[in-house]
Amino acid sequence: PHLRNNCVTTQFPFQENEIKLLTAEIERLKNFGCLGVSPSLEGLRDENAKLKYRLNFLQKSLQEERSKTAKSMININSCLQEIFGAAIQAAYPDLENPPLVVTPSQQPKFGDYQCNSAMAISQILLKTKEQKVSPREIAEKIAKNIPANECIEKVEIAGPGFINVHLRKDFVSKQLSSLLMNGVQPPAIAKRKKVVVDFSSPNIAKEMHVGHLRSTIIGESMCRLFEFAGHDVLRLNHLGDWGTQFGMLIAHLQDKFPDYLTVSPPIADLQAFYKESKRRFDTEEEFKKRAYQCVVLLQSKDPDFIKAWELICDVSRKELQKIYDCLDITLIDRGESFYHDMMKDIVKEFEDKGFVQVDDGRKVVFVPGFPVPLTIMKSDGGYTYDTSDLAALKHRLCEEKGDILIYVVDSGQSVHLQTVFAAGQMIGWYDPKVTRVAHAVFGVVLGEDKKKFKTRSGDTVRLMDLLEEGLKRAMDKLKDKERDKVVLTAEELKAAQTSVAFGCIKYADLSHNRLNDYVFSFDKMLDDRGNTAAYLLYAFTRIRAIARLANIDEQMLRKAAREEVLVLDHEKEWKLGKCILRFPEILQKMLEDLLLHTLCDYLYELATTFTEFYDNCYCVEKDRQSGQIVKVNMWRLLLCEATAAIMAKGFDILGIKPVQRM
């Protein structure tokens, strides 16, 4: 079909079957001498000339696609699953969807990976076919049907039916060389998807506090993960920028700064401004009435009230941006106000399809399986959070054409969001088998007393205060180690302070399973021992320094990567090499379950595996008397570089900025 159309409409990247078809067609037409070079479509009148042009385009695209695929890192676990899937299919062709379990081995004596499918297949044969076959016999049959491949050296049957897999060293060496030459590349994806991530989402006119920390950090990292994997990511900040509270804010603004339309009001402390207006709203009846009138005028788009609303939003956004700049967060503001004009149509759509019931003047929608209905219109004709969330869901699905929607919102919103998602399915906006809509829930931040993190006076901790405290403590830590005296310049010290402070705050959050609450402790997160950012950042700078101290520059390393064979004879070299190549497996797991602590655990394992390697394998050999370098083991330096490259990409996904010197 691609070849017959007058223009190329294929989706990128090409699917595997498309690549085969295009390759075959290009080869066939080459044989007929049909492939020429044509600079443009102008003047191409006959079909043959157009065909030549299109095929040249396709050939070039195919070459680019192949080049990209050749540079992609291989997911070894996925490769082994394909191999064992084929072996099981050949051994037991009558089994439908047989279990396929391939995992890295926990101990070297059990090989590098294990296929543990035999036990489950034994149970299936017994239940469905009444055949009693021992798992070991099944394992042997699977092993005999393993197809020819480039990665398995040998397999061994152990215990009741475990298949221990030993990888070929030349295969691992080749993959490491590819990594060094091409850089850390994501595994090839079947299709580039549109991913919409809703995260951070503070309220206008209120300062960000520690409760916003998790959504902001987790959401940013998820965006970086999907972007690195090759997807098109839309980062949305669903700001609370509309609603009743703006009536009281505008009324207060009019009283405090009557000339606000011509002179920008100096609202230095927006939080104090909000608290003062809230106090008046709760205690002054006349002010309360005027606040409600302001809401009506705002929602009717009165120019003066829109101006007041915009002023408040602008002041608030500037304060929010200071936080985002500190944490290196990128977002597109798309608050509740963005969806306001769509809400009328949302209500009508649910009414037209017969889903709306009237309850005491309210228009509600009951969703099967959920006890509490969605209120899509209040008795006074106003809209609710339910309406705006439904409007946002529809816009992301139908206008943005999102293939994957991720809401990074605290666990307290679980029932509400699941009800909204179910309503979207019920009305036909999406099919969960085609489109993934996920609530990435997370627990709360606790203080060291295991209660909600508060100041000593019991107030919520301002996020900016928290970040400034982190900077202070990071500098104290660096000065305790006397890094300011001889090791680092003033500029390097400042860079190290920022890297450690914000890196530790992010890592402390991301290294915990997001489903659980976690205890916020500066002392623990700044500890340079154990699974902390401080330890990993320091380990990274040490690894980067090895080649520099051996007077080996980047050009020499690139040349070595092209020419050297990575010898993996020492058990610690082998262990490190395999650990490095597990990176694509880690990425794949996170893309599926959205649990980012898996990457933190992996980076810590990689750093400790590197330490074992470095303690046992000399990278640079020196004369004991003079300290002069007598030998550089280049293949080991390349292992150092591969480790650092993976760590750097891991840090990037986590939103952590390492430094070259610490």
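Any Cβ shown, glycine's included, is placed from N, Cα and C.
TrEMBL assigns the feature coiled coil to one of the listed ranges (128-155, 436-463, 464-491), namely 464-491. Sorting the domain 'Arginyl tRNA synthetase N-terminal' (78-167) by DSSP state (H, G, I as helix; E, B as strand; all else coil) yields 39 helix, 19 strand, 32 coil. For the domain 'DALR anticodon binding' (536-662), DSSP puts the residue distribution at 86 helix, 7 strand, 34 coil. Summed and averaged per residue, pLDDT over the coiled coil (41-68) gives 56.
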